[in-house]
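K.L.:
Reproduced below are the annotations present in TrEMBL:
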- B:6-23: transmembrane segment (TRANSMEM)
- B:35-57: transmembrane segment (TRANSMEM)
- B:63-80: transmembrane segment (TRANSMEM)
- B:87-107: transmembrane segment (TRANSMEM)
- B:113-133: transmembrane segment (TRANSMEM)
- B:162-182: transmembrane segment (TRANSMEM)
- B:213-231: transmembrane segment (TRANSMEM)
- B:266-284: transmembrane segment (TRANSMEM)
- B:296-314: transmembrane segment (TRANSMEM)
Amino acid sequence: MTATLRKRLSTAALFLSAVFAAGTAAAAGKIAVITPYLAQPGTQFYVEAFQAAAKDKAWDVNVIDTKGDVAAVISRLEDAATQKVDAVVINVDPAQVEAGLAAVKDAGIPVVGMDAGASPYLVTNVTSNGYAMAADTAAYVANRIGGKGNVVMFVFDAFPPVQVRGVIADAVFGNNPDIKVLDRVTPDVSDGGIADSRAKMEAILAANPDKGSISAVWAAWDQPALGALQAVEAAGRQDEGIVITGIDANPQAREAIAAGGNFEASMAQDFHGIGKAAADAVAQTLSGKPPKSSVIYVPTKLITADNVKD
Amino acid sequence: MASALKTYGTLIGFVLVVLFFWIEIPDTFMTAKNWLNISQQVSMLAVVAFTMTVVMVMGDFDLSVGSMASLAGIVAALAFRDGHGVWVGVALALVIGLLGGLLNGALVAYVGILPFVATLGTLTVYSGLAFLVSGGKTIFGRDIPTAFSGFARSGLRLGESVSLPSLTIVAALVLLIVWFVLEQTTFGRRLYAIGGNKEAARLAGIRVRRLRFLAFGLSGFGAAAAGLMYASRVASANPTQGSGLMLDAIAAVFLGMTMSEEGEPHVLATLVGVLILGVLGNGLTQMSIDSYVREVLIGSIIVLAVAASSIGKAKG
């Protein structure tokens, strides 16, 4: 028994020290990157780009994934404060982890948000400009239909980052006197948003049966745009020139845009750019010159059939 | 000597883990502040694990605790959103927890469904209810009163920069209550008798059904309390946020069971199990070790600890 115990412990100790030795490179700074969302593709891209940038700066980066557990983010923030890292980067809603952010602030450690949301606890938050993304696609719609026609909007005002997109699209369409917003639909997103958007769009198509009675569909994100596309195609009205746009340019949306059908445009966020800009913000903060703005926007790109394959 | 090692192997392992971190992280690990931190970090898991111990004493499981914790947080948050006070929301959530636990108890004790199956069913039901009443959304921001979210950030000041967190105090109270119930009352002794041999317990005149029914009620109540603690800590409620608690709680009880000669769960041993999980999370983060290593280590430690104690038993 004693032998088993000794073996058990020495194995664990060996394992630990091996991992530990691998983790201690010559470090110009110790950075903890904490997120519950590492399993999501966008977050993976940010983190990879951040790590690549950190390598050039010879930082010792510890990526901590709490696998969806937000309370564990607070715990890990407290640990980072105890450990006295040089900076912390988070990818989670700051309002939900304020208890941990307070501990980090008390320890005098700066926190940079990587698409996290605005908070007084953050030096800055690096993200995509939701206003600009909505302006780009809404302007694309307005120009494509020549500033004239009926537009169906898919919005989601309950979620602040998506709500701002709807406000901007309202402004763009409102500035075109001959554009009429036929309906401002909030789809049920519990099934992912495509199915219910399709059902809602089918009802709108049924209520407006004449060719040309619907000029465009502007969606605040890709799923409703995909649902609307399915409805238009199922109704056999794909040749009426109905212009559909989304935002996020997810793989399914890119496929639809590349197919050259009604789904014409979406916005791609520059996830790598966000990760790199977050690393730059950390570097500036560590050198004693933190970024002035509480939000840093990384440019986004309009994706159409012309550039979807790039 | 050998039997002492067998019984205390897990405890010795825990001490060695602590020593390891103390040596590797000399400045910050073995400090009052860090240990108070750890106590707060494990408090939610601790409450679930302590009350889970009550049903595991009878040889039963409650798989529904994680979704009950989520549901309780959602129920309280919705009550807050509708303008009810903190105490109304908290009381409502605890009542839901108790009723949900008693439903498990009724299914197991009176309908006669295996606990694994019955609570797997209610796990899905409670999780579905949490999604249903919340519409699948996270409730946060102004909907959560500061008196509620402030609780998790408050504590009893012990000195200049250290304070005993309120969540730790709650967990300690639950520990005390469960310890008293299991170790100091006839109710507790009867639960252990049921765990030893249900049929013998019944023949000895113990009302097995009623005790199982009540024990599951306690487990549901504890899960709801932990769900409230979680919601207070993250100042929000989300229909999945408690789901990680169930497996960790069962793991903590199993780790604790290796410390008993008879392989019975005892709540103080469960505490050691909880601390092993918490200390690994805290220490490995401070050593900047990949968070996935913690998972591998914990799984290995559970298997090794249980294997070591059962090999020892087979020989003895």
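Sequential numbering from 1, following the chain as shown.
Here the Cβ of each residue, glycine as well, is placed from N, Cα and C on the backbone.
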K.L.:
Under 8 Å between C-beta atoms and at least six residues away from its ends: which parts of the chain pack against the transmembrane segment (B:296-314)?
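P.N.:
Long-range Cβ neighbours of the transmembrane segment (B:296-314): 2-3, 6, 9-10, 13, 251, 254-255, 257-258, 263, 276-277, 280, 284.
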K.L.:
State the residues, same chain only, that lie 6 or more residues beyond the ends of the transmembrane segment (B:162-182) and have a CB under 8 A from a CB inside it; answer 'none' if no residue qualifies.
P.N.:
32-33, 36, 39-40, 42-44, 46-47, 50-51, 53-54, 57, 151-152, 154-156, 188, 191-192, 218, 222, 225, 229, 232-233, 266-268, 271
K.L.:
Any contact between the transmembrane segment (B:113-133) and the transmembrane segment (B:87-107)? By contact I mean 3+ C-beta pairs closer than 8 Å, pairs at least 6 apart along the chain.
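P.N.:
Output yes: the transmembrane segment (B:113-133) sits against the transmembrane segment (B:87-107).
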K.L.:
Is the transmembrane segment (B:63-80) packed against any residues at least 6 beyond its ends, judged by a Cβ distance under 8 Å, and which are they?
P.N.:
44, 48, 51-52, 86, 88-90, 92-94, 96-97, 100-101, 104, 116, 119-120, 122-124, 126-127, 129-130, 133-134, 139, 143-145, 148, 219-220, 222-228, 230-231, 236-247, 249
K.L.:
Count, for each of B:6-23, B:87-107, B:213-231, the Cβ pairs lying under 8 Å from the transmembrane segment (B:35-57), and report the range with the highest count.
P.N.:
B:213-231
K.L.:
Ranking B:87-107, B:213-231, B:266-284 by Cβ pairs under 8 Å to the transmembrane segment (B:6-23), which is first?
P.N.:
B:266-284
K.L.:
Mind checking which residues reach the transmembrane segment (B:213-231)? Cβ under 8 Å, same chain, six or more beyond either end.
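P.N.:
Sequence-remote neighbours of the transmembrane segment (B:213-231) are 43-45, 47-48, 50-52, 54-55, 57-58, 60, 62, 64-66, 68-73, 76-77, 90, 93-94, 96-106, 108-110, 144, 148, 152, 167, 170, 174, 178, 181, 191, 237, 241-242, 245.
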K.L.:
Residue list, the transmembrane segment (B:266-284) vs rest of chain: Cβ under 8 Å, 6 or more residues beyond ends.
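P.N.:
10-11, 13-14, 17-18, 20-21, 24-25, 29, 34, 37-39, 41-42, 45-46, 49-50, 52-53, 175, 178-179, 182-183, 248, 251-257, 259-260, 291, 293-294, 297-298, 301.
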